[in-house]
Each structure stands twice: as structure tokens, then as C-alpha cells.
Amino acid sequence: MNQWRDEKKRAFLALLFILILQAGVMCWFGNRKQGYFIDEIYSFGLSNGYYKPFITSYGDKIFDQWADKTVIDDYMTVQKGERFAYGSVIYNQSQDVHPPLFYLLLHTVSSFFPGRYSKWFGIGINLVCFLISGGFLWLLGSRLMKCPWLGLVPVTIWGFSAGAVSYTIYIRMYMVMTLFTVLSGYLHERMEEEGQTWLKLLLIFVVTVCGLLTQYYFVIYAFFLSGVYFLWKLWKKAFKEAFLYAAVLFGGVGTAVLLFPSFITQITRKDEIVAQETRKNIGSIDTLITNLKSYGYGIHSDFLSGSFKAVPLILLLAAAAVAAAFFLGRQKKKEALGKSQELGGWLFLISCPAAVFIIASVAVVPSPRYICSLYPLLVLAGIWLLWRMTKHCLPAMRTAMVLFSVLFLCLSLSSYRHGFVQYLYRDEPVRLEEAKKYGNLPCLYVTNYRMAALTQDLRTLSCFKEFYVTNREGLATVDQILEGKEASRGILVTVDNNSFWGSGYDGEEVVRIISEKTGLRAVKCVFAQELSVTYLLEG
């Protein structure tokens, strides 16, 4: 017992060292992050816009009249008298497509810094969640593999991966969801091994509620995790425990709905594109294949540094370890298999891939961010399976674990070097500097008043002294709009040209209309983004 305690203490110190190194990596890449994805702009706006969930909520304060960066700051930052306005956050999220917990956290941090927004507000939240997730992943791995040192393997592989870094510096709810995903897995494993108690059921209830209030995809993971656990209890003929557990889980879902009634309306609403496309995707083989390909490429980039050569090397290493264990520890293998009556890592080997499959069948955007919360448990499940197949031969098992840790650490370092960490947007300062060069020129923003492209371009628009948002029909009076603005010096025109998320306007056609009405014939494309393109018109 004392030896186990000493081993656990030493392994815990090693864990702290690893987590400190990983935190340093996160901060280093966080410092290199120079811009924001559109969803990150939404994160700040939905958290801090005072009862205004979208920039379009400002109506006549931003549409069809000259506006400046004041309205943008009002949307993205907490203003005086609006600190800790949680009612506003709840309202904003009731108009969006996500539950409110992450936004409540971001608003809380923002409330300590009124009038400001910073990437570190969101990265700080994610970093705390990442470190706690790493700690519980170690505890879970240590329990599953009966060794505190082996628990460090999944922490090392996942925590240093490009995927973990990317979703820590990405200012969205995915690392918060990762925390509740790992916590739920840890609590279920403890309950499976130690037995159900009211305290454990209460903790699972709380984690389930928090997970559901963070991201709706959590319900898919929770469904399969709880389903495996429930069926296992039935198989063990623990019927009372199984149905008590089910009641607690359903109670958690009901509580989440009571706390955030928009839970139901967001999923069923017919006037929002994400909800519409999600329902449309159900049963679509094309969607399933597209998303699974995206997840495959994502995992390839997030863990393998985009190297296909790593796949056969990993398989060869695993096969060699299993073969060595088979030939060197055959008798112990029979004894070990005969004693195993635990659910163990099968809990995650079954539930996590099943969750990935269902998420792939409904997700609107083909992006691995929707499964990134499962990354730590998927890594753990793979390592646990290797451990289970080699544990009867300690030399083979220990050698394999060390080699896997070193291999994936090298792949992570390679992924840093080759640019597989996402959401850095290191080119954004160049675009903003380019915009500031024309900051004193009037800027026209042409959209059909949809919010996506406009939200994407808020940081760019804040570089201009004034900007005017109108639709294509409004260009009929462009000469009146520009009256008194010294348009002869030149104007900037940004066109919302994305047909799926935005207006789908033809940029060249819009510029031609403006050029004919203003006499500004010299046209140059200044820069383009995913949802828009910006032109300079001069005489």
C-alpha cells in the first residue's frame, strides 16, 4: 500500500510537470494567435452584446446610415452598467443555436474588463478547462490501467497534440465540453468499479446538466456512454441500480431544459439555417461520408502531423508489442483474461466511436471541432486496448507505452513546425493594417442584412472612420449616400459574396453599379475573406 502511494505521488509530480509544459505550449501558441474566426467574434458578441445577440440586432443604428466603431465596441465588449448581466447572456443565447454556459463564463471574465475584449479572455477559460481535463484524464487512465505512470500516456499524447492546442486557443465552447466529457467518463468508471452511491449519482447529474448547457452534441456522447453503462448494469442483473441511474440521467436532461427552455425551440425551430440543415442531414449518406472524411483528415492533422507514414509505424509498433506479449507471456495471459469481469475501457471503446458516427450524420459543417471533446477518451481507449492486450508481459507493455509516448510527442513537435495548429490567423494584422491605410476613406458595406459576413468583418470595419451598411437595392441612391464624404478621393466597397451564409452578391457586379453612379472607374481588389471581398474605387 505504501509503495503504491509513493508511486502515485511520484507520478503526480510527473503529471504536474507535464501539465506545466503543456500550459506553456498553449500560452506560446496563444501569443502567436493574431486574429479571430467568425465564430469567435460571435462568442464575444453573444456574451457581451446587451440584449443584442447579433450585430444585426442594432437595426437602424448600423443599417442604412453612417456608423463607426462605437457600435462594434458596444456589441463585443461589456459597457458600463452592463457588467455581470447574465439575463442578457441567457436572452442572447435563446436567439442563437447554442446553450449558454460558455457564454456566461466569457461574459463573467469580460465583466472585469469593461470596454475591452482580448483573446486571453477566452483562452484563459479554455486553458483552465484543459488543465483540469488533463488531471482527470490521468486519474481515469490510472484507474483503468492500474498504474499511475500509465495514466500519463494519454495525457502526453492528447495534451501535446496539435488538436488540443488548436481547441484551447479557439475561443468557443469545445474545451469546456471536453472537460465535462472527461469528467463524465471518470465518474462513470468510478461508479462501475466502486459501485453506485448517491454522491456519485449527484455528481453525474451535475456534470450532465453542465455538459448539456455547454454544447448540444454532448447529449450524443452522454446517450451512448449512459447506454453502455445501463446495459452493463442490466447484464449484471443490477436492475434497481440501472433504473435509478436512468432516472438520474433523465432528470439531468429535464433540469437542463428547465434551466434553459430554449433548449427545445433551438433544436426544432424552422427559421434558422443551422437547425434546418441539421434536420436535413439526418439520414443523408453524403453528409455522413463527407463528415467522416473531415474527421479523418482532422485526426490525421491533429495527432499525426499530416504524415501518412506515421500510420503504418503506429500499427507496426502495436502489432510488435502484442506479438511479443503473446509469445512471452502466454500463461499469464490466460490467467489475466480469466479474472477480468470489469467493463473497463470498453465503456469508451463503444460509446466514443458511436458518438462520432452519429455526430457525423447530422453536423452541418464538416469540421473535427465537433468531435474534439472526444479526443482524450478516444486516445485513452486506444491506449487501454493496447494495455489490455499486452499487460500479461510487462516488458513488452512498458516498452510499447514509452515508444508510443515518444512517437506521438515527436509527431506533435512536427505538427507545430509544419503549421497544423489552427485558429492562429497570423495574416489578420496584415489585412487590418491594409484597412487602416484607407481608414479615412468612406466604406460601403453591401449585404442583404444577413449577419454572417458582417460579423466576420467587424474587426476590419472598426479600422474605418465611418462605414455605411446597405443592400444592393440601396445602391440606387449611392450618390446621395456619399454626399459630403469627399468620395472623389476614393471609397472602399466590401461585398457580402457568400451564397450559403450570406447574400451571395456578385462583387464585380456591385462594383460596376457603384462605379457607374460615382464615376470612380479605377477598381482594385484590396483583400478577400471567406465570406466577403473588398475593393478600392478611385477616380
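Placement of Cβ uses the backbone N, Cα and C atoms for every residue, glycine included.
What TrEMBL says about this protein:
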| type | residues | note |
| --- | --- | --- |
| TRANSMEM | 12-31 | transmembrane segment |
| TRANSMEM | 120-140 | transmembrane segment |
| TRANSMEM | 147-170 | transmembrane segment |
| TRANSMEM | 201-231 | transmembrane segment |
| TRANSMEM | 243-264 | transmembrane segment |
| TRANSMEM | 310-331 | transmembrane segment |
| TRANSMEM | 343-364 | transmembrane segment |
| TRANSMEM | 370-387 | transmembrane segment |
| TRANSMEM | 399-416 | transmembrane segment |
Whether the transmembrane segment (147-170) meets the transmembrane segment (201-231): three or more C-beta pairs under 8 angstroms: no
Cβ contacts under 8 Å made by the transmembrane segment (370-387) with residues that lie 6+ beyond its boundaries: 133, 137, 140-141, 144-145, 150, 153-154, 157-158, 161, 163-164, 166-167, 174-175, 177-178, 181-182, 185, 215, 217-218, 221, 295, 298, 302, 318, 321-322, 344-345, 348-349, 352-353, 355-356, 359-360, 363, 397, 400-401, 404
Paired segments the transmembrane segment (310-331) and the transmembrane segment (12-31) in contact, 3+ CB pairs under 8 A: no
Outside the transmembrane segment (201-231), six or more residues from its ends: residues with CB under 8 Å to it: 98-102, 173-174, 176-177, 180-181, 183-185, 187-188, 191-192, 242, 244-246, 248-249, 251-253, 255-256, 259-260, 263, 266-267, 343, 346-348, 350-352, 354-355, 358-359, 363, 370, 373-374
